[in-house]
Amino acid sequence: MPPLQDNNVQVNTGVDNVDLQGTMPSGDKTHTKYIIEMRGGDTVQVQLSVDGAQALAELSPRITVTFHNVSKVINVPAKMIDPSSKKRFIERKLLDQVSGQIHPGQIVALMGPSGCGKTTLLNTLAGRALSGVTGDIWFNNQRYDKSMKRKLAYVLQQDIFFEQLTVKQQLTYTALLRLPNHLSKQDKLAQVEQIIDQLRIRKCANTPIMLISGGEKKRVNIGTELLTNPSVIFLDEPTSGLDSTSAVALMDVLRDLAIQGKTIITSIHQPSSQIFQSFDQLILLADGKTIFMGKPSDALLYFATMGHRSPPQYNPADYVMDLVNQDMTIREQLKDAYLTNKLVGHVKSVSNQVQSQTSTNAHQYLIPEPSGHEADLTNPDNVNLIPTKHESKWPIGFLPQMMILFKRAFVLTGRSQFTILNFVQALGLAVVSGLCWLRMEFAENTIPDRSSFMFFLMTFWPLHTMMHGLLSFPFERVIIEKERASGSYRLSSYFAAKSLAEAPVKLVLPTLFLIIAYWMANINSNFGIFLAVLAFQLMAVLVAESLGLLLGAALKNLQHAITVATVLLMSLMLVGGFFVRNLPHWLGVWGKWLSFFKYAYNACLQLQFKGGQIYQCVDGSYVSSCRNNPNGTFMSHEALEFFDSGISIGFNFLVLFGMFVVFRTLAYLSLRFVKNHSGRS
Ligand SMILES: Nc1ncnc2c1ncn2[C@@H]1O[C@H](COP(=O)(O)OP(=O)(O)OP(=O)(O)O)[C@@H](O)[C@H]1O
Ligand SMILES: [Mg+2]
């Protein structure tokens, strides 16, 4: 113990009966290794710099969670429940006056039949989806505030990650994003190593998440949330899908965390009797109401007072669940009995009437509900959980967030874009296009083919990229929302990072395509013109990608987004000036100005016929000066008289750039303001 104190290191153990023995090997000053021994023989290795240990300890004060008469009501569209209903909405109560108190060092289990409101209660306590919630929730003696997010961890039932990342990459990016600025990078990486050991996932640390087992994935999910050393941990069915040994191992991890002073509340389905008995408190819900709150070992005794006796050798958890699920009358009886018993417990001198109804001393098996008076709330570490105004809401600043997210997006896009298949596709198409338009002569009869080459160039890659853009947010959104719900980063830094990281990667394949197809087709031998055509092609790709991102973010349903995108793209292509040269006036007058294909195509046509190239006349079908002079020549720019050349090259570029900016901004705003349609979190 003395070495820890001498060096002003506080390790937050949080539980009185833990023996701390710090040993500090001499040598490395910045990275000090502590071996903390706990009573019972367990040891935890902490390898952090002195600053690191301190900063982490500060992040994790001991927190008592108190909730009093928490209810949640939602309005469900009436037609969903009863198609003949005349009303617009029907009110549904998901939680009904649920109360309880959870102390640091405790693991509380939340049980009940499916749909009874376990996830809803966890969401509410964790400060998520708070609309329609009434009642009081306190963390120590302070009410929930958004700035507490970082002290709370919420392990969702679903394991949501970028599955292409390895376990270590996932944890590292999270640590770099979510651990505060005053920890050095080494400290953050040391924390990752510690979590990997603590959760026993060393074996799969370098495996992509998509390849690891369900149990390992669950532990990575928990590890991701534990990196920040939170004080309160909410878990939604962490053992579902795990075999009994993995479930017990997971519970051991939770017990270790509780010993360190964390407050843990977890919903759980079908625990084994060993796990069931290991909880410090059990809250049993049915239809959003509490039917039991007490020690798991008292649950059977409590229900026995009402005549529901468990057969011997039966798993108590199974018995309790069977009882609640059995029939509606028993369920109603249990709800009423809890209300009565809770009253009896609260008021020592109750009327004879109440006592005669209960006829037993069942209330002694219940843990009393908190009173709801602020004066009764505790604050074990006497800390202020709400940071003062000048403290940033985010663990790290905008730029560092962006750099880390940039790296992650770059790794992710690189992996999905630079596949052999995509290279084969780009190169294959380039060669086929080159062969189709092979070595066109500089002659009048090649004018239509030259124009179609440009149109193909300006449509194929934009279409391709737009479809990728369209799919980008619908798949990423759920991960981003999960990460942002725990206060990891700003949406703006994510969006900027994604835009910056993806753009170059998405531009490589079109560039490769153009290098091959352009020179095979013999478009224009001036290298400057080649570069300008390339710039337009890449700009068109960026505009199309932005439009795809916008549709993907604005339309919640992917099918709708794909349909809108197809109709929109085809329409823009049709009015782009290549397929129909004489649009009806009322359509052409505005339609063609909306089409980004038109601007890119138009500019590239002008570019192609620039540079004073001499063309051979053929029959005068396209160039008037060739009409009476079939063996003569003309200057390339004369070919443009056949086309509606529109605005200048520079202006075309400006319009495209403007479209890019507008579509990107709208995509960002849609991502920010169009909410996830599930509305559950
Ligand atoms: N946004 C919502 N719209 C409509 N119904 C909802 C919404 N959110 C929750 N519910 C309903 O509220 C009830 C409680 O849901 P909740 O997810 O909390 O149950 P649960 O106890 O976690 O169930 P499970 O064990 O199956 O996960 C369910 O009947 C669910 O259908
Ligand atoms: Mg649930």
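Heads up, the Cβ atoms here are built off N, Cα and C, so glycines get one too.
These figures come from a predicted structure and were not determined experimentally.
Positions annotated as compositional bias 'Polar residues' by TrEMBL: 1-15.
The domain 'ABC transporter' annotation in TrEMBL covers 65-312.
Positions annotated as region 'Disordered' by TrEMBL: 1-26.
If you look up TrEMBL, you'll see 420-440 (among others) marked as transmembrane segment.
Counting residues 6+ beyond its ends, the transmembrane segment (452-473) has Cβ neighbours under 8 Å at 429, 433, 437, 440, 498, 502, 506, 509-510, 513-514, 517, 521, 523, 533, 536-537, 540-541, 543-549, 551-553, 558, 561-562, 565, 569, 573, 576, 578, 596-597, 600-601, 604-605, 608, 667, 671 in the same chain. TrEMBL lists 452-473 (among others) with the feature transmembrane segment.
Per TrEMBL, transmembrane segment is recorded for 494-521 (among others).
Same-chain residues lying 6 or more positions outside the transmembrane segment (527-554) and placing a CB less than 8 Å from one of its CB atoms are 454, 457-458, 461-463, 465-474, 477, 502-503, 506-507, 510-511, 514, 518-519, 561, 564-565, 568, 596-597, 599-600, 603-604, 607-608, 610-611, 649, 652-653, 656-657, 659-660, 663-664, 666-668, 670-671, 674. Per TrEMBL, transmembrane segment is recorded for 527-554 (among others).
Under 8 Å from some Cβ of the transmembrane segment (561-580) lie the Cβ atoms of residues 451-452, 455, 459, 463, 466-467, 470, 474, 547-548, 551-552, 554-555, 587-588, 591-592, 594-598, 601-602, 643-644, 646, all in the same chain and six or more residues away from its ends. Here TrEMBL flags 561-580 (among others) as transmembrane segment.
For 649-671 (among others), the entry in TrEMBL reads transmembrane segment.
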If you average per-residue pLDDT over the domain 'ABC transporter' (65-312), what number do you get?
90
